[in-house]
């Protein structure tokens, strides 16, 4: 098709603002799928996506639409809206010329809305704003349109009003996309230059990549080169993505399509890499501006049954084929044996991977308390800090100004959006990875939203806590904490351990040991800052005695005392795995 009749665009918005539902209406409107095959959230292909009502994995789709005498090829990429999956949004944006900025009429502009907008503006995309869910009784479309207009510096009349659920205004919005989003600009006669914006592994055909062709064209059977990895492959098959893979003889400049490669390693087809034709005088330069995703949160995964370790390794390898942001490396623990340290984009990403491992691979998992990555230079430690953006209705401002500083947040700015407030903080990543989002939702009665991005590393006063049960270190619970919080954290943990660890025939000591400075490698001198004891079972060894022979009673009691002392010296506390799991859950909460 002529490039003048191609439109590449995406939908960006906050989670649950109706992106996937709008995509459904577009597919319906363009007859991309027979009505009998339509169902809600058609582009959300994972079971977890449809159950949770969120988009995790970006899904492209080609549609054909006729306006007057002109036929248009529309390439839509539906994108995730949760902060954890913003790397997926950046892939989509790098591959298109325009974006529909979708905002919920009942909730207004949210933190992730602004974050996605900033990415789109960075890539100079044409922004088409739209207010969704105008059919709801609590909708306030005019107010939300004014908010959007202020942010984009446009007239409120330029904002579209739609209901993706009922279809109201959807046709007008699609035709506005055709009218205002620029067509691709490129030369099909130039050397091949294509951006990889997604990849996945197919059991039957191997590694398949989704690409946007910026220059040139690609035919089936041609040789291609992956510039950053210097890998070479054959384009075994090429085609378009029409709710499935539609085989073609070639894909041309300006189009979005797929390539079945002959690669053996998914690492050779990195998302964000540039593909060019193989051979002298044909190779193009790499496309600029793409950054690979970096893990922000780390946790250790173990199997409750040791023989499942190999299955866990295979499962992670398979998941990583379709998730370029998933990082993992082997580790081991005295308590759980062999496992993996895994890096995630955030807590939702962690939950999704855990649930997929359990559901798709039938694994029974033990997951340690999530943490962040710390850097050490000599005796100095640094931790990652983020810029945090909170959007909240005005009436909850006081609660947030009281809560966030308690998490070491430093307020930097406050901005006003009609009836809501944007608060900018700088805060350690470790303070927001576990329960921060839930706390914000609770304090704002569900109306608050957050977004954050890494801004760098800062020196911190870290200490290490190690927990010892019956003179045996339990490495699964070791953690680095801010010095000010060490005493409280240690006290809570030993109290929880006392609650759940079974009693023995001998006294069990539970101790929290603090290491600092050079001793943080657990090789130096530590000091006990919290401890508890679990009293032993008491057996009355004198109950079978008759009469009142005091010396006999004393002998039996002394013998019992020596036996318990010997047992305490050689005894090991056998802590069942489910107790560790319970402790880890309590620790995470």
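Each Cβ is built from the backbone N, Cα and C atoms, and glycine gets one as well.
TrEMBL entries are annotated by machine, without manual review.
Note that the structure is a prediction, hence the values are computed from the model and not measured.
Positions annotated as domain 'Tr-type G' by TrEMBL: 4-185.
Secondary structure at residue 132 (GTP binding site), as computed by DSSP, is strand. Annotated GTP binding site per TrEMBL: 16, 17, 18, 19, 20, 21, 132, 133, 134, 135, in sequence order.
The most densely surrounded of the binding-site residues 16, 134, judged by C-beta neighbours within 10 angstroms, is 134.
Binding of GTP is attributed in the record to 16, 17, 18, 19, 20, 21, 132, 133, 134, 135, and the widest Cα separation among these residues amounts to 17 Å. Counting only same-chain residues at least 6 apart in sequence, those with a Cβ under 8 Å from the Cβ of residue 132 (GTP binding site) are 13, 17, 18, 22, 102, 103, 104, 105, 162, 163, 164. Model confidence over the domain 'Tr-type G' (4-185) stands at 84, taken as the mean pLDDT rounded to a whole number. A simple way to gauge crowding: the CB of residue 18 (GTP binding site) has 24 other CB atoms within 10 angstroms, across all the protein chains here.
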